[in-house]
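The structure under discussion appears below in the form of structure tokens.
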Amino acid sequence: MPDLSQVTRGRILFGGDYNPEQWPEEVWHEDVRLMKEAGVNSVTLGVFSWAKLEPRPGAREFGWLDRLMDLMHGNGVGVVLATPTSSPPPWMGRLHPETLPRDENGQIEWWGSRQHFSHSSDTYRRYAAAITEDLAARYGGHPALTMWHINNEYCTYDWGDEAAATFRDWLKRRYGTLDALNEAWGTAFWSQGYDGWHEILPPRRAHYMRNPTHVLDFKRFTSDMLLECYVIERDIVRRHTPHLPVTTNFMPMWVGQDAWRWAEEEDVVSVDIYPDPRDPFGAQNGALIQDMTRSQAGGGPWMLMEQAAGPVNWRGVNHPKPRGLNRLWSLQAVARGADAVCYFQWRQSRQGAEKFHSGMVSHAGEQGRTYQEVKQLGAELASIGAEVTGHHIPSDVAVLFDWNSWWAGAQDGRLSSEVDLPQVVRAWHRALWEAHITTAFAHPEHDLSPYRLVVVPQLYLLTDTAIENLLAYVRGGGTLVSGFLTGVADEDDRVRPGGMDARLRDLFGIRTLHEWWPLDAGEHVECAGLPGTFRGTLWSEEIEAADRDEAVPHVYRGGELDGLPAVLRKGRAWYVSTLPEPTALRGLLVRIADDAGVRPVLAGLPDGVEAVRRGEVLFVLNHGRDKVTVDIPGTHRDLLTGATVTGSLSLGRYGAAVLKP
Amino acid sequence: MPDLSQVTRGRILFGGDYNPEQWPEEVWHEDVRLMKEAGVNSVTLGVFSWAKLEPRPGAREFGWLDRLMDLMHGNGVGVVLATPTSSPPPWMGRLHPETLPRDENGQIEWWGSRQHFSHSSDTYRRYAAAITEDLAARYGGHPALTMWHINNEYCTYDWGDEAAATFRDWLKRRYGTLDALNEAWGTAFWSQGYDGWHEILPPRRAHYMRNPTHVLDFKRFTSDMLLECYVIERDIVRRHTPHLPVTTNFMPMWVGQDAWRWAEEEDVVSVDIYPDPRDPFGAQNGALIQDMTRSQAGGGPWMLMEQAAGPVNWRGVNHPKPRGLNRLWSLQAVARGADAVCYFQWRQSRQGAEKFHSGMVSHAGEQGRTYQEVKQLGAELASIGAEVTGHHIPSDVAVLFDWNSWWAGAQDGRLSSEVDLPQVVRAWHRALWEAHITTAFAHPEHDLSPYRLVVVPQLYLLTDTAIENLLAYVRGGGTLVSGFLTGVADEDDRVRPGGMDARLRDLFGIRTLHEWWPLDAGEHVECAGLPGTFRGTLWSEEIEAADRDEAVPHVYRGGELDGLPAVLRKGRAWYVSTLPEPTALRGLLVRIADDAGVRPVLAGLPDGVEAVRRGEVLFVLNHGRDKVTVDIPGTHRDLLTGATVTGSLSLGRYGAAVLKP
Amino acid sequence: MPDLSQVTRGRILFGGDYNPEQWPEEVWHEDVRLMKEAGVNSVTLGVFSWAKLEPRPGAREFGWLDRLMDLMHGNGVGVVLATPTSSPPPWMGRLHPETLPRDENGQIEWWGSRQHFSHSSDTYRRYAAAITEDLAARYGGHPALTMWHINNEYCTYDWGDEAAATFRDWLKRRYGTLDALNEAWGTAFWSQGYDGWHEILPPRRAHYMRNPTHVLDFKRFTSDMLLECYVIERDIVRRHTPHLPVTTNFMPMWVGQDAWRWAEEEDVVSVDIYPDPRDPFGAQNGALIQDMTRSQAGGGPWMLMEQAAGPVNWRGVNHPKPRGLNRLWSLQAVARGADAVCYFQWRQSRQGAEKFHSGMVSHAGEQGRTYQEVKQLGAELASIGAEVTGHHIPSDVAVLFDWNSWWAGAQDGRLSSEVDLPQVVRAWHRALWEAHITTAFAHPEHDLSPYRLVVVPQLYLLTDTAIENLLAYVRGGGTLVSGFLTGVADEDDRVRPGGMDARLRDLFGIRTLHEWWPLDAGEHVECAGLPGTFRGTLWSEEIEAADRDEAVPHVYRGGELDGLPAVLRKGRAWYVSTLPEPTALRGLLVRIADDAGVRPVLAGLPDGVEAVRRGEVLFVLNHGRDKVTVDIPGTHRDLLTGATVTGSLSLGRYGAAVLKP
């Protein structure tokens, strides 16, 4: 199987989306000069070029792209070639309005922006296949070509009539019979029983809450239909170039794609990461996506397909990256497994909807700080590439995450709209990140035996297979910590008897889960125990423990739940029925991890300093603005500077060291 | 006329919505066991069973319901049988899309939830009549059947084309001629004059504010069309079972139905009450709906059709009921006239949109706290039923409320969007509730002579008949207190000359109402007078009193209105031109009530304790979490415990006593 | 050319919209009596009379209007006759649904309100022309007629199919070829290249951000289409009455109309001004619109077409005008060039959507405070009219404002949604207003040589012509101060190389504009310099000055920009890269103005006192509620009181003096 290593060959890929059709050809030569000065070795071409390649149905205009491919090749820049199918040309919507998606209100998403295609449209798919076929045929043998990039940030929905038809087909495949569907959806409630497949629609706008399993299946269907679009194009390019890897770029922890399933269909897993430079947890959020993407890549190297050299333009207020931050976050990605550091986009647009999104070459041009920092980074990446590419990141801890559970848990008629799964996952990952415990992510049905500790921030929906997997993991000696709202529903979003699966209740020592007590925004509960009292937020539970002799590490103090268990422990299985405040959650996890034999990468690090080991190499990153001194046992060479580091290391603001023993 | 007493026969009905089609039949037998243990004597069947009963057009599947009716009868549980017409089966929308409502933007409300029917659809009405006919024919003679429940929570709107046609018919009946309509709507303004009936549409989405009388009539029409749907079905079941009472369940103070008119068409008035367990005014809000429903029932017993044993699932954060609260609020309903204490629903769903809405049997099952408390309550209700059912609640005070006034007052182009009639009514009712003055509600055209005191929180729109009714009431010796924004508009929402009806101005001693001075959110005005100064919120007025010798109990102090009257009094007629802060409003009303000979149920009650007399029986309810001691003159027997109470009573958290002299 | 002076003839026009079709004819006579008592000399008739004049297609009912015209004439009240085309009768939408606008989601704006016409509908335009023709023919010679008022507050958009066709025509005229359009819109980005004109639609709802130049052109097109509607009707009435002036009323600083272009097509520029009486900057906001309208009128007199005598009814909470405020703000308008002080509307409606919008005669009627104050004002305006009408207001300062720049700057994908051009303009105007420097407004391509100082709060988009105009102005000795985000984009919203036009960078002494640093809401930056430190909000910039020897009056202190220039100065050109806090901005502008030889109208005024000179007459207005004493050099006669003022003047709350030397 082709993979990223054949593209990197010991170098970290450095470059970005390149949309030269926005510029006169004389600028292309300026681009090449600046790319070479910056050490750019890879660009992605053609992401939004459909109208340029096929200005009217069936037409083909390849000349400009031929010249670009040759230009890149002639200058030693590899090309990741994109299929242009994420933005159909205007003629498609006009000639084939059925290719335009409709939202749940029946409103059309017109052309004039991007991603105005229905994943279910046969017409769209045919046109997309045809242009993909012709691109692959023409450039499959071009020496500049290193990889295929299918479409871009798949992220659309469609509630229209053609999607209704493919939804019914998908449901037939899933359920076989209408009886099975009616049973799975619980249509006996509210008189929703279907008597014919043709009665089923996407979950369109309705008077009141829609059937949650209907909505859940529509989310599954949407992810699957987009994946079908991807696979069709992937199979075409693969037929032409079986030796070249194929990818499509994820958005970070995007709700619309079950990335576990998608990653299985990719040769290279790639992702776009855009933390807000102002976010005090930006570095941790970046680390989380990096950990998740690496795990989707099977632990192997992955590709940072897009980041911003400066500001983005889609937030309310879009802040630039302060001096040094672009470098720091790029090195963090490498530390956590990226073998490609790329940007959207090479040269900042002067026109169009993203002209205020930064580029590697900003409006300020060559003299601008942005390009100057890019150039420095390019040199640094070149200096460390050989020592880090291809190397893996060891991890004894897995955090479990599942899209199905997210989708089901986010239903309308839930107990608390304050509970947002990504926020809960971030809170648990943050506790581990701040403790310098490098973490993998896993699906609840994955083999968990490689891990000493498995953390479940929240898995509202768990299949029977997943539950058995968790039980077997603990039986096998693993340590499991679970947050609240886990194991509530089965695969069809049917609440399990008792409000939580009986096997899990037994695992954690819960006799009766009397009531869930969600907390208001800003509300907290006190939890008392050893080593001290903490505050819980978001949630609490009225639980009767199975056995008074079991350990109840923390109980609620005060309020309606006074004296009832807040944290339960039965052997190596822990259940945390609230969201502890950050220091308490970190303390709890450190203690459990330590008992499970899990150690931090480095001990005694100053606040804001991150340490990650990749292969033999130790990355030390200072996310703070103050100078810090870090104790580093032994002697290392800093690959960035060539300096020898013995015993301790001094890092300035946003400073980084890449240390080889 | 059939009524509730024939169903209760000295027992308080206890039970709830029962949707057994969600469960395999073996669960039904478990249900029956638990019902009997809990003293359940009434269930409502069939509310959402249409698709089960008529899985395709014209089909009938009654077997499962036959078995259920027999099962209930065999176990001594009476059945309130519902027509299933609030949620048509999926086939109806598919075969007859014209039955689907459209919102004001023209968007369809699709099936997949519930209540996706147009009140104006002839097709819908025909199908609804047919299934009702067949249900009534089949079960009219079943011994389990005690009452009919038509549809469920009528609450839909329709701006579509078929509704446009029925709206025109309704307008023809109301106005006779287009000239009369043009005159009533004031279409001379903004060039809205209609030249033909066919030009009139529902008040759909428009560029700017719509004609307020057009909108008002559309609200009247909507309430009337829904009532028509109700009456059609009621007449069918009544034809089959003239001896059985018929009801439909109101939502509490729901804006869409003129409940005064609706109640006249019901044999039993029933309502759903869902205060937020976290609402500090939950008990008072419950009392308000109970008082209003009792008054709609002509002062006689009413039915609490739905409440929640624990949390609901449609708020942002849904809190469970703390231990004891379900019992306390159930007893409160009985105290204020309920002869039926029922729930949505018997057994908590495992699937569908309401699976996180509690049931009498929660996910935790028989051992769960919820069911255990339900069982206790069932026993207690059984012990008091004989002494309270059928008895009336004396009241010397009526609060006036009218849907037409609410609808008109809520128009877009009003002076203050901060003024919300329900909040204003709640504020005035709260003052009386906290003073332990049991209050009825009345329509402004009702006979008011039974009352010593009539309170008008706000009646923006008053018909001439209503105004004459108020004048006659005061002339006849009654005491009237009116809040601001009363008597502003006539029946067609035409502002009366002077900004307030001249007869009312004369009644209250107002010469000129120069300007209304609405207050911003958070703003207040100072009002000085005896017995002290208070703060007013929401509203103030620039009034010139008619006569300097008339009493002006309070004047504004400071600001633009300094020295002008805030509260006016002319004999037994009072006008309050702002919303006094709670303690001031209570003080004012207590003083006026006392002058009018109105006394509290009990004097000297601790905070948070409620006392209501029903017939001879005195309910004392502690809404606080601290233990209280209450002085109770004389000797009583507590029907709940059998204990004798002499002189004083001690009540724990959420404690209650039902005292018989 | 006809103009306002032929209507005023030494009198200030006083009156308002008069919609007598709402009232029985007996009220008309009462109206006339009250008008005469109040000194009303002008009313606007027919604004919303289309359905009354043409109750069905082609019908004409003029009798009622004949009687009104005669009645006005007989009582010495001039008539501004409106074409009724802003609110088509219901029959038009019903018979010609294509005349109804659609919003960007495709939803129809139905009749039932007002302004439900598509500017692009040929059918609408034909009907509008016909009724205009007939009105002009019938009343063109009527002695009451003084002026024409076309339509009312043009403010509609249309994304429908007929608008799509006219949009394409407009684009053909603008661009000539598709290549030019593709180039101007930058359609190479996101595959938006158009291959045929028929592929172009209005910028309808899309999946993500739309092309900003597409959106910009749609705004230009909308303004132009509305202007076409205006011109069609204007040309008709002008053909009948070439001697009479024509106007249409602007809304204040309304985003939808390029008022500079529109004003060129009007004989009289008129505007509606509705500051919130509670707005602490209400007086300044009024002054801003007055200054802008006067400038659009070429510096000459203008018409205050609508203001409110009391509250409006379209805010959340609508406050009345405290005693004296209506008079004060009316005199302010006269001070700043208004020769007409008119209201919406004469008599407050009793019905319809605006019945809570005040009138000159309020619901309280003749005895109400509102009318009493109107009557007083009428007398006062009569007493000063001869001395002020026709006179100009001297100004040495121009503030530049341009709709194209506003439209482009407000695009979706901009760097900060906190930056709102009107707020920025208000901040800069406020600084000048508080410094008593009377200010004109100008378009960036206007001749600027009359001004000593030109202020650019923000002009994101500047044409090459405008840039050359600014450069020439400074070369010619003018002083220029520019705020941030100026000169960023060219006419097609193409970002200029370097992020700011190179000529402007050179003008201000900027070598490199590295990055924009927008600030969050509530955030500020410190700026240090002489005479002191100030706080900047909204924005900051990372700028490298061209020359270290150039003056950098203020630098950023602290944060990422520490030490970089905040304010740059190169000779007479100033660049301010943040929004200084109010006192700092005022101080900065006063200093620069003083250097440029610009003096305040009066020095040493107390807070809240405004002084404006119109011709020889000096208006002194106290916007405060406390009594103030103002030094006035020399001896004047107060035209309002006849009193002689020597050396100093005392003004009570909301007091005003109109002083003639």
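Backbone N, Cα and C define each Cβ position, glycine as well.
Annotation comment: TrEMBL describes B:17-383 as domain 'Glycoside hydrolase family 42 N-terminal'. Positions annotated as substrate binding site by TrEMBL: B:ARG114, B:ASN152, B:TRP314. Among the features that TrEMBL reports, active site, proton donor is placed at B:GLU153. Sequence annotations record features per position, and here TrEMBL assigns active site, nucleophile to B:GLU306. Residues or ranges marked as domain 'Beta-galactosidase trimerisation' by TrEMBL: B:396-598. As annotated by TrEMBL, domain 'Beta-galactosidase C-terminal' applies to B:608-660.
Between the CA atoms of the residue listed as 'active site, nucleophile' and B:GLU153 (active site, proton donor) there is a gap of 11 Å.
Of B:ARG114, B:ASN152, B:GLU153, B:GLU306, listed as recorded positions, those near chain A by the criterion of a Cβ under 8 Å from one of its Cβ atoms are B:ARG114. The residue listed as 'active site, nucleophile' falls within a strand segment according to DSSP. Broken down with DSSP, the domain 'Beta-galactosidase C-terminal' (B:608-660) shows 0 helix, 36 strand, 17 coil.
It is 11 Å from the Cα atom of B:ARG114 (substrate binding site) to that of the residue listed as 'active site, proton donor'.
The recorded positions listed here are B:ARG114, B:GLU153, B:GLU306, B:TRP314; among them, B:ARG114 has the most other Cβ atoms within 10 Å of its own Cβ. Here substrate is bound by B:ARG114, B:ASN152, B:TRP314 per the record. The longest Cα to Cα distance in that group is 17 Å. For the recorded site, B:TRP314 (substrate binding site), the DSSP three-state label reads coil. In the three-state DSSP scheme, B:ASN152 (substrate binding site) falls into the coil class. Rounded to a whole value, the Cα-Cα separation of B:GLU153 (active site, proton donor) and B:TRP314 (substrate binding site) is 15 Å.
Listed in sequence order, B:VAL47, B:PHE48, B:ALA82, B:SER86, B:SER87, B:THR248, B:ASN249 are the same-chain residues six or more apart from B:ASN152 (substrate binding site) with CB atoms under 8 A from its CB.
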